[in-house]
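> I am attaching a structure below and will ask some questions about it afterwards.
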Ligand SMILES: Nc1ncnc2c1ncn2[C@@H]1O[C@H](COP(=O)(O)OP(=O)(O)O)[C@@H](O)[C@H]1O
Ligand SMILES: O=P(O)(O)OC[C@H]1O[C@](O)(COP(=O)(O)O)[C@@H](O)[C@@H]1O
Ligand SMILES: [Mg+2]
């Protein structure tokens, strides 16, 4: 354990040449040869990257966007050389690593980028791209200079320990980094808790455990205290694992570090069990959660079919997005009705839930309902106290739809006296996220860890890593925090679900039309995503698997 921060000074001055250029900026502009025009909005006016002029501090309001031919756009991530002067680079030590040296084309070409949209028309512009993740020929840290730290924030998710383990082992084995600290208990751990020294030995078997060995928390994001702690301890690589809230926090930390002119790479690994993080294909732990959710649905099915007029009701996580409920339903095939936040429903009257339950019980003698925790919140609010409560991170605190729905169904059938039902309610909420990652999530976590390490070592900062159409990319923080993925109820995946359960859509003609307009363009099935304002991505998050 290390308790007292050391005071290892790091460069504080932001050096700008008198002619406004940034030294060592060649790296940054390696794309320039292939670009017809390069436009960087708001960076001290409209400057041209070809001239290598200073770009100003980067932020959500001042993104690093590069335009190329035929509508090519690179939404780039910041690099330490953008604001730290005279940064030397070094050959990547992986060149001498026997495990990697034999791999043909192991290093990523500096000009490689990943397209956000892969389904295009003959006349489509090339569209938005992100920088491809992976090891570079040259790095901006020497192995013994690196002092890394890892922090986990927000809710738990299967695979957290695997990401931690692989960051530690990857830094150690690939880059020879030995100084790695674990920050305990989320963001507040930077200034209020001790740190843990981490080595491959101490993390050796943590991937077999659920949770995070570092602990986590909500709230407690005090930017200046966090950056003071980073600076005081001499930390120069910060690995931040967490969801949308965490990545917003990481973005603010990056901006403060940049403002102070510190040579510190800030890199995020996106985490959320709800799979609602924008841009990336899928978040780690999601598959594991769906698998575990299916076990609960199985139990509900067994209970329901064993009694007369049995109803099994399962509540699953999904605060704003119903991906877990949708995929668990699709995987199970035992579910008669799936309710998610994106699809409003109603209980009474023609086309309502009660009518459907009666019909299914008559047909089959039992039924299984799955409800995502964020579903029907407005309905509950009508019959219960106010719903405007928040947790320490500012997330909406939900009213318990599972208990509410159970009671409503029981009341309805008691009142109608038509059928005597036997309802079993299962709430596996925390069980699906407090488990270790499954095999495929563990491999995915390893790739995420490797990608994030390569990015930080190569001097990139202010980025999150994740697969975009199957290729790992470096994505600027703001792109994954400005919007969240939701199930598009006018998209094919939801149609598949409706056809597998044969449940009512609960939508009027007007609802369908409204949903289509919200998700413009209506050609989304061809595009594979809903794009608004150029980059508002709202799709089912599971691209590149041939399912769309
Ligand atoms: N807008 C924000 N700016 C700075 N920090 C934030 C912001 N939103 C959330 N955070 C911080 O990020 C951490 C995790 O956020 P939370 O929403 O609880 O989980 P998650 O990252 O999983 O979404 C908390 O410590 C919280 O204080
Ligand atoms: O009880 P907690 O820890 O606040 O977590 C509950 C919430 O966390 C989630 O799992 C997602 O949280 P994140 O924002 O951390 O990804 C939600 O589905 C759920 O509502
Ligand atoms: Mg969140």
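Glycine is treated like the rest: Cβ placed from N, Cα and C.
Residues or ranges marked as active site, proton acceptor in TrEMBL: 274. Taken from TrEMBL, the feature ATP binding site applies to 155, 218, 219, 243, 244, 245, 246. Look at TrEMBL and you will find 244 tagged as Mg(2+) binding site. Look at TrEMBL and you will find 272, 273, 274, 317, 318, 319, 373, 430, 431, 432, 433 tagged as substrate binding site. Per TrEMBL, the feature domain 'Phosphofructokinase' maps to 149-453. Per TrEMBL, the feature site 'Important for substrate specificity' maps to 245.
What's the neighbourhood like for these features in this structure?
Residue 274 (active site, proton acceptor) carries neither a helix nor a strand DSSP state and counts as coil. Around residue 274 (active site, proton acceptor), the same-chain residues six or more apart in sequence whose CB sits under 8 Å from its CB are 243, 283, 317, 318, 319, 320, 321, 323, 324, listed in sequence order.
Sequence-distant neighbours of residue 244 (ATP binding site) (same chain, 6+ apart, CB under 8 A from its CB) are 272, 276, 277, 480, 481, 484.
Taken residue by residue with DSSP, residue 244 (ATP binding site) is part of a helix.
The 10 Å shell around the Cβ of residue 433 (substrate binding site) contains 24 further Cβ atoms across the protein chains shown.
Long-range Cβ neighbours of residue 245 (ATP binding site) (same chain, at least 6 residues apart, Cβ-Cβ under 8 Å): 153, 154, 218, 393, 394, 395.
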> Are any of the recorded positions 219, 246, 272, 274, 431 near ligand 2, with a Cβ under 6 Å from it, and if so which?
272, 274
> Within the set 155, 219, 243, 244, 246, 373, which binding-site residues show a CB-to-ligand 1 distance under 6 A?
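Close enough to ligand 1 are 155, 219, 243, 244, 246.
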> Could you state the whole-number distance in Å separating the C-alpha atoms of residue 246 (ATP binding site) and residue 433 (substrate binding site)?
18
> Of 243, 244, 245, 246, 274, listed as recorded positions, which ones have a Cβ less than 6 Å away from ligand 3?
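What lies within reach of ligand 3, judged by Cβ under 6 Å, is 243, 244, 245.
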> Please state how far apart, in Å and to a whole number, the two most distant Cα atoms are among 155, 218, 219, 243, 244, 245, 246, the recorded ATP-binding residues.
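About 13 Å separates the two most distant Cα atoms.
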> Around residue 373 (substrate binding site), which residues of its chain at least 6 apart sit with Cβ under 8 Å of its Cβ?
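In sequence order, the residues whose Cβ lies under 8 Å from that of residue 373 (substrate binding site) (at least 6 apart) are 315, 316, 317, 318, 319, 398, 400, 401, 402, 429.
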> Look up residue 218 (ATP binding site) in the DSSP assignment and reduce it to helix, strand or coil.
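Looking at the DSSP assignment, residue 218 (ATP binding site) belongs to neither helix nor strand, so coil.
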> Determine the Cβ neighbour count for residue 218 (ATP binding site): the number of other Cβ atoms within 10 Å of its Cβ.
20
